[in-house]
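First comes the structure, then the notes that go with it.
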Amino acid sequence: MFVVVNLKAYPCDPVAVAEAAADVADETGVRIAVAPQAADISRVAETGVETWAQHVDAVDHGSHTGSTLAEAAAEAGAEGTLLNHSEKRLRLADIDGGLRAAERVGLESIVCANNPRQIAAAAALEPDAVAVEPPALIGTGTPVSQADPEVVTDSVEAADAVGDVDVLCGAGISTGDDLEAAAELGAEGVLLASGVAKADAPKAALRDLVEPIAE
Ligand SMILES: O=C[C@H](O)COP(=O)(O)O
């Protein structure tokens, strides 16, 4: 299982969360990545944690003020990028362009989508993985794996019908039970934010989350 902790724009200390994630990953053997704000990628990567961008733009070097260039994210230490998160929704051409930019610089990619139909469309663009996240459950603490298990199983089925792409799920995930339920539904990972970024003790939250799959 792959655990991706998206820090969004939460007022947490990205380095403290990254150090906690690096420690828990080392202790348990579970693959954990942290996706901070773009400006924090390099200092998060310096902790040794696997670091992801929250987004990269469908641009090359050139006159693209305000964009997030894939090359810059990779040079800062990102190993992957999210795309089309429901809070950073993209047009189809921009998802495809962002994926090609990620490929250009060797970034792994996860394309986010709301439901199984969108997962099938996202999988057709050949990302490394897709993540189904029903927006209504995001930030609620009500885990998708418990609240709407069919959306996970149907997304796994929809992605499998398109090609060889990993399926993660997110929204409301915070505990080991939530992660175990996601795995039982066929997800190969989880995408979460508030359960760790807003936790008083991120390391304890991560330890609890990965406990069921710790080596
Ligand atoms: O990127 C993470 C997802 O939006 C889920 O957020 P959440 O764990 O706060 O529900």
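One is the number of the first residue shown, and numbering goes on along the chain from there.
Here the Cβ of each residue, glycine as well, is placed from N, Cα and C on the backbone.
Caution: TrEMBL annotation is automatic and unverified by curators.
Keep in mind the model is a prediction, meaning the values are calculated, not measured.
Annotated substrate binding in TrEMBL involves Asn6, Leu7, Lys8, Ile138, Ala193, Ser194 plus, out of the candidates Gly48, Gly106, Gly163, Gly172, the residue Gly172. A C-beta separation below 8 Å, combined with a sequence spacing of at least six in one chain, links Ile138 (substrate binding site) to Ser86, Glu87, Gly170, Ala171, Gly172, Ala193. As a whole number, the greatest separation of Cα atoms within the substrate-binding residue list Asn6, Leu7, Lys8, Ile138, Gly172, Ala193, Ser194 is 14 Å. Spatially close to Leu7 (substrate binding site) yet at least six residues away along the chain are Pro14, Val17, Val34, Ala35, Pro36, Gln37, Asp40, Gln54, Ala193, Ala197, judged by Cβ distances under 8 angstroms. The Cβ of Lys8 (substrate binding site) has Gln54, Glu87, Ala193, Ala197 as same-chain neighbours under 8 Å, each 6 or more residues away in sequence.
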